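Right, one structure below, let's go through it.
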Amino acid sequence: MTGKTKIAIFASGSGSNFEALEIACREGELDAEIALVMTDKPASFVIERARQADIRGVALEPKAFPTKQAFEEALLAILREAGVEWIVLAGYMRLIGPTMLAAYPSRIVNIHPSLLPSFPGKDAIGQAVAHGVKVTGVTVHLVDEGMDTGPILNQAAVPVVEGDPEKTAQAIQKTEHVIYKETLQKLFKPVPANN
Ligand code: GRF
C-alpha cells in the first residue's frame, strides 16, 4: 500500500495536461499514481509522452467495438484490472457513457478551457474570443452525462489577450497545468476541518 490514489488519465491529443500531472506526481505535489494513460486516438502525442515517462499507454478505438457499451465494458475491464480509483480526463474528446458513469459515480473529473457554464463543448477558447469576452478561464468539474455540465470543483479566470488567440490559449494552458494538480490533490486528500 502506497497510500496514493490510483488514477487513469484519458486524453485524445497532445497531452500537456497529462505531462503536468505526471510531473506533479513525481515531485510529490499530487499524491497519486498514474496507473495508465488511455487514448481513443492511437496516433495522439500523449502516448509518446506516456512512453517517455515510463507510464503504461493504452490505445482503444471505439470504432473497433460494435457499440459504445461494448467499448466502455472493455475499457472498464482494463481499469479494474489496474486498480484504478479515479478517472481524470485531460483533453479527452468523447462523451463518457452510462456504463462508465455507473462504474465510477462522481469519480470522473474533467478540465475545460472556459468558465463554465459559458462556452461548453469544442473550441471553447475560439468561442470565447468570437463572443468578445474580456475574461475567460478554466474549470475543473465532475463528469455527468452532459457535455461539460457536472458539478464545478474549481475555476480560475484568465484575461483574453486582445487580437491574439494564440497567446490567450497559452495563458489558459499555463493555468490548467496549475489548477488541475491543485484541485485533484484537494479532491483525493481533503484536509480535515479543525474543530
Ligand atoms: C485542454 O485545453 C483541455 O482543457 C481541453 O483540451 C485541452 C487538452 O490539452 N479539454 P492537452 O492535450 O492536455 O495539451
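Here the Cβ of each residue, glycine as well, is placed from N, Cα and C on the backbone.
Summarising the annotation, TrEMBL assigns domain 'Formyl transferase N-terminal' to 6-183.
Packing around Ser16 (N(1)-(5-phospho-beta-D-ribosyl)glycinamide binding site) is summarised by its Cβ count: 18 other Cβ atoms lie within 10 angstroms of its Cβ, all protein chains included. Per TrEMBL, the feature N(1)-(5-phospho-beta-D-ribosyl)glycinamide binding site maps to Gly15, Ser16, Asn17.
Annotation comment: TrEMBL describes Lys68, Met93, Arg94, Leu95, Ile96, Asn110 as (6R)-10-formyltetrahydrofolate binding site. In the structure as shown, the Cβ atom of Leu95 ((6R)-10-formyltetrahydrofolate binding site) sits within 10 Å of 13 other Cβ atoms.
Residue environment of His112 (active site, proton donor) contains 22 other Cβ atoms, counted within 10 Å of its Cβ in all protein chains. According to TrEMBL, the feature active site, proton donor maps to His112.
Under the heading site 'Raises pKa of active site His', TrEMBL lists Asp148. Within the same chain, residues at least six positions away from Asp148 (site 'Raises pKa of active site His') with a Cβ under 8 Å of its Cβ are Asn110, His112, Leu116, Pro117, Pro120, Gly121, Thr139, His141.
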Checklist entry - For the binding-site residues Met93, Asn110, which one has the sparsest Cβ surroundings, going by other Cβ atoms within 10 Å? => result Met93
Item to check | Distance [Cα-Cα, Å, rounded] between Leu95 ((6R)-10-formyltetrahydrofolate binding site) and Gly15 (N(1)-(5-phospho-beta-D-ribosyl)glycinamide binding site) | outcome: 18
Next on the checklist: Please list, in sequence order, the residues in the chain of Lys68 ((6R)-10-formyltetrahydrofolate binding site) that are at least six apart in sequence and whose C-beta is under 8 Å away from its C-beta.
Outcome noted: Pro62, Gly97, Thr99
Checklist entry - Quick one: which of the recorded positions (Gly15, Lys68, Met93, Leu95, Asn110, Asp148) have their CB closer than 6 Å to ligand 1? => result Gly15
